[in-house]
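Q: Feature annotation from TrEMBL assigns ATP binding site to A:Lys103, A:Lys172, A:Glu205, A:Glu206, A:Lys207, A:Val208, A:Glu213, A:Asn291, A:Glu292. As annotated by TrEMBL, compositional bias 'Gly residues' applies to A:150-162. The annotation domain 'ATP-grasp' is assigned in TrEMBL to A:107-321. The feature region 'Disordered' is assigned by TrEMBL to A:142-162.
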Protein chains: 2
Amino acid sequence: MTFPVVGMVGGGQLARMSHEAGIPLGIGFRLLSDTPQDSAALVVRDVVVGDYRDLDTLRAFARGCDVITFDHEHVPTDHLRALEADGVPVRPGPDALVHAQDKGVMRARLDSMGVPCPRHRIVRDPADVAAFAAEVARADGLSSGRDAGSPGGRDAGGPGAGSGFPVPVVLKTVRGGYDGKGVWVVRSAAEAADPFKAGVPVLAEEKVGFARELAACVVRSPHGQAVAYPVVESIQVGGVCDTVIAPAPGLPAHEAVQAQELALRIADELGVVGHLAVELFETPDGRVLVNELAMRPHNSGHWTQDGAVTSQFANHLRAVLDLPLGDPRPRARWTVMANVLGGDYPDMYSAYLHCMARDPQLKIHMYGKDVKPGRKVGHVNTYGDDLADVRERAAHAAGYLRGTIPE
Amino acid sequence: MTFPVVGMVGGGQLARMSHEAGIPLGIGFRLLSDTPQDSAALVVRDVVVGDYRDLDTLRAFARGCDVITFDHEHVPTDHLRALEADGVPVRPGPDALVHAQDKGVMRARLDSMGVPCPRHRIVRDPADVAAFAAEVARADGLSSGRDAGSPGGRDAGGPGAGSGFPVPVVLKTVRGGYDGKGVWVVRSAAEAADPFKAGVPVLAEEKVGFARELAACVVRSPHGQAVAYPVVESIQVGGVCDTVIAPAPGLPAHEAVQAQELALRIADELGVVGHLAVELFETPDGRVLVNELAMRPHNSGHWTQDGAVTSQFANHLRAVLDLPLGDPRPRARWTVMANVLGGDYPDMYSAYLHCMARDPQLKIHMYGKDVKPGRKVGHVNTYGDDLADVRERAAHAAGYLRGTIPE
C-alpha cells in the first residue's frame with residue numbers, strides 16, 4: 001500500500017473532523033495532541049501526545065508522516081521552517097501560515113496587495129491608541145474632542161464616555177488570539193491598558209460599522225488548483241461564531257463572486273495550501289473588508305459536512321496531499337450551521353432524544369469535550385429549501401443541547 | 001459526560017465505517033478486532049485485539065461497553081446468550097441474530113411467517129440433493145429424467161448434463177458463508193459432494209430464475225421505531241455484489257412498498273435491533289422471494305453514506321443506542337455504489353489522481369486493506385439525475401481503481 005500518512009498538529013475538533021473525513025480516503029492519520037483526552041485523540045488510532053512548541057517533539061512526530069498540517073495556527077513559525085529544512089512537507093508552509101499566525105504580518109501583506117481592510121496600525125501603548133482613534137475620527141470628519149457618534153451604523157461608545165476616544169478602537173494581540181480571546185474593543189486610554197500587559201505586539205483597528213460578517217472559503221493545492229465554496233454569512237454572538245448560513249442570504253451574485261475571487265487571490269499570492277477562510281465585513285454600502293485569515297478547516301466551513309458535495313475537511317486533506325480537489329458546490333438550497341456551546345448542565349447526550357425525535361434530518365456533530373459554559377462543544381447542521389425553517393431547526397437544536405431552550 | 005460506549009465485534013470495513021459515523025455523535029466506540037491491522041483497527045482509538053470465539057475475551061471486551069453490536073454474524077450464539085445473561089445489552093440479540101447466522105433457522109422461521117422464499121430443504125447427502133432436485137422438477141412439470149431446461153428464465157445446467165439433476169440446485173452451508181463462500185450451484189450428485197465435507201448442515205434451495213436481485217434495508221430500535229430505506233437493485237458478479245442502484249430502476253411503487261413492508265415485518269417479528277438487509281429475488285412475474293438476511297450494516301446500504309439523509313451506519317448506531325432514528329430518504333434522484341475489488345496491481349492510491357480529476361463529485365471509500373485479487377477493498381458512490389451517467393461514473397472509477405480500465 002502506498003497510501004500516505006497525514007500528520008496533524010493539534011488535537012481539537014478540527015483534527016477530529018479531519019480524521020473522520022480521512023477515513024474514506026484510506027490514508028493514514030497521525031495526531032500530535034496535547035493530551036490523550038483531546039477531542040481528536042479520543043477517536044484517532046495513531047496519537048502522539050506531546051508539546052507542539054517543542055521542536056524535538058515536532059521532529060519525532062514528523063518522522064512518521066508524509067505531510068504535516070494543522071488543527072491550529074500556534075506552532076512557532078521558526079519550528080515550521082526547521083521542519084521544512086529537514087525535508088518535511090509542511091502545508092500550509094510557514095511563509096503562508098505566518099499570515100494567519102501574526103495579524104501584523106497579515107495586515108502589512110494585505111495592504112501591499114491593495115486588499116481592502118479596516119484601517120489599522122501597530123500600537124505601542126494607550127497613548128498610541130488614542131492617537132490612532134483621533135486620526136480615524138479626523139479622517140471620518142468627526143471632531144476628535146467629542147463622544148463617539150454612530151454614523152454609518154457604527155457601534156459607538158456608551159453615554160458618559162466624555163473622557164474617551166472619539167471612536168471605539170479594536171485592539172488585538174498580533175499572535176495567539178481566537179474566538180474573541182486576544183481581542184478588545186476599547187473606548188478610552190484606561191480601557192486600552194489591558195491588551196499591552198501580555199507583552200505581545202498589539203494591532204489597533206478601526207471598529208468597522210459593518211452590516212454583517214461574511215466568510216469566503218477556498219481550498220488550494222500545491223500544484224495551484226483551487227476551489228471556492230459559496231460565500232456564507234457568519235453571525236457572531238459575544239465574539240464567538242453562533243450561526244453560519246450558506247449561502248449568505250441576499251448577497252448579490254457579483255459581490256459573492258468578488259469575495260470568492262478575493263479569497264482565491266489571497267490564497268494564490270500567499271501560497272496557501274489547504275483550506276483558507278477569509279473572514280469579511282460587509283459594509284452597509286456593499287464593500288467587503290478583510291477581517292481575519294485562517295489557514296485550516298474553519299468554523300465557517302462546518303456546514304460543508306452535510307451541505308456541500310465535498311466537505312472542507314475532505315478538501316483540506318486532498319489539498320495537503322496534492323490530490324485533485326472535490327466539488328465545493330452546495331447539495332441543498334440552504335444549509336445552516338449552529339454552534340453548540342456549553343451551558344449550565346453537562347449532560348448533552350440525554351438531549352439527543354428530543355432533538356433527534358423532533359428533527360429526523362438534523363445532523364449533530366459533537367466533539368467529545370467536557371461541557372464548560374461558553375465552550376464550543378459541537379455544532380449542528382440543517383438544510384432544506386425554506387431558510388426560515390432551516391434556521392429555526394438549527395437554532396432550536398443548538399439551544400436545546402445547550403439548555404437555553406427548554407422544549 | 002454521559003455519552004455511551006458502543007462495542008463492535010469485528011474489525012472489518014463495516015466497523016470502520018460505523019466508527020466514522022459514530023464520531024459526529026460524540027459516542028465512545030470500542031472495537032474487538034482479530035488483529036491490530038484489521039480495517040477498522042487502523043482508524044479506531046479503543047481497540048481490543050482478541051478472538052470473538054472466546055467467551056472470556058468477549059466478556060472482558062463487554063465490560064468497557066454500554067452495548068454490543070456486530071461487524072459480522074460469526075459470534076457463537078451461545079456466547080451472545082451468555083453475555084445477555086451477564087446483563088450486557090446485545091443488539092441485535094441472539095434470538096434475532098440466529099436468523100442471520102443460521103440459514104436453516106432463517107428458512108424455517110420465514111416459512112412459519114408465510115414469507116415467500118425459494119423452495120428449500122435441509123439435506124444430508126448427495127442422494128438427498130438429487131431427491132430434492134427431482135421434487136422441484138416434478139412440481140414445475142419437468143420430467144425428472146431429462147436435462148434441466150430453461151423455463152421461466154431459469155439458468156439451467158450446461159450441455160452434456162445427462163447424468164445430472166433435472167434442475168440445478170443451490171447448496172449452502174447453514175453457517176459461516178458470505179460473498180459466495182459456502183455457496184455452490186450443483187447439477188449432479190458428483191458436484192453435490194463438496195458442500196458436505198465441512199461437516200456443517202447443508203441447505204438445498206431451488207435455483208430461482210430471477211429477473212434481478214433487490215435489497216430492502218430497514219433499521220429498527222429496541223423501542224420499536226423503524227425506518228425503511230428505498231429498495232435497491234443489487235447486481236452480483238461471480239457471487240459478489242458489484243453494483244447497487246438506489247432506488248431500484250423501474251420498480252413499481254407498490255412492489256417497492258411491499259418489499260419495504262416485508263422487511264419491516266421481518267424486523268419486527270424477529271425482534272431485530274439495528275440495520276437489517278433483506279436480500280430479495282425479483283421473479284420475472286414480479287414476485288419477490290427472500291434470499292438472505294443480514295443484521296448489520298450491509299453492502300447494499302453503502303450508497304446511503306452519500307445518497308441518503310442518514311447513512312445506514314449512523315442509523316445502526318442510533319438503533320443499538322435506542323436513539324430516535326434518522327431520516328432514511330434519498331438526497332439525490334439516483335445513487336450508485338460500485339465495489340472496488342483488488343486487481344493485479346496493488347497501488348490504488350496513485351489511481352486517485354485520475355479518478356478525482358475526472359469526477360470531482362466522486363465519493364471514494366477505501367478500507368485500508370491490502371489489495372488481493374477479488375478482495376473487496378473499497379467502494380465508490382456517485383449520485384445525480386441521469387442514471388446512465390451516474391452508473392458510468394461509478395463503474396469507471398471502480399474499474400480504474402481495480403486496474404481493469406486503463407484510462
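Glycine is no exception: its Cβ is also placed from the backbone N, Cα and C atoms.
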Q: For A:Glu292 (ATP binding site), which of the three DSSP-derived states applies: helix, strand, or coil?
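A: The residue in question, A:Glu292 (ATP binding site), is strand (DSSP, three-state).
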Q: Please report the number of other Cβ atoms within 10 Å of the Cβ of A:Glu292 (ATP binding site).
A: 18
Q: Starting from each candidate's C-beta and looking 10 angstroms out, tell me which of the binding-site residues A:Lys103, A:Lys207 has the most other C-beta atoms.
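A: Per the Cβ count within 10 Å, the most buried is A:Lys103.
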Q: DSSP three-state call for A:Lys207 (ATP binding site): helix, strand or coil?
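A: In three-state terms, A:Lys207 (ATP binding site) counts as coil.
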Q: How does the model score the domain 'ATP-grasp' (A:107-321) in terms of mean pLDDT?
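A: It averages 90.
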Q: Determine the C-alpha span of the ATP site listed in the record, that is the greatest distance between any two of A:Lys103, A:Lys172, A:Glu205, A:Glu206, A:Lys207, A:Val208, A:Glu213, A:Asn291, A:Glu292, in Å to the nearest whole number.
A: 18
Q: What is the total of other Cβ atoms whose distance to the Cβ of A:Glu213 (ATP binding site) is within 10 Å?
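A: Result for A:Glu213 (ATP binding site): 22 other Cβ atoms within 10 Å.
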Q: In the three-state scheme derived from DSSP, which category covers A:Glu213 (ATP binding site)?
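A: Its secondary structure by DSSP: strand.
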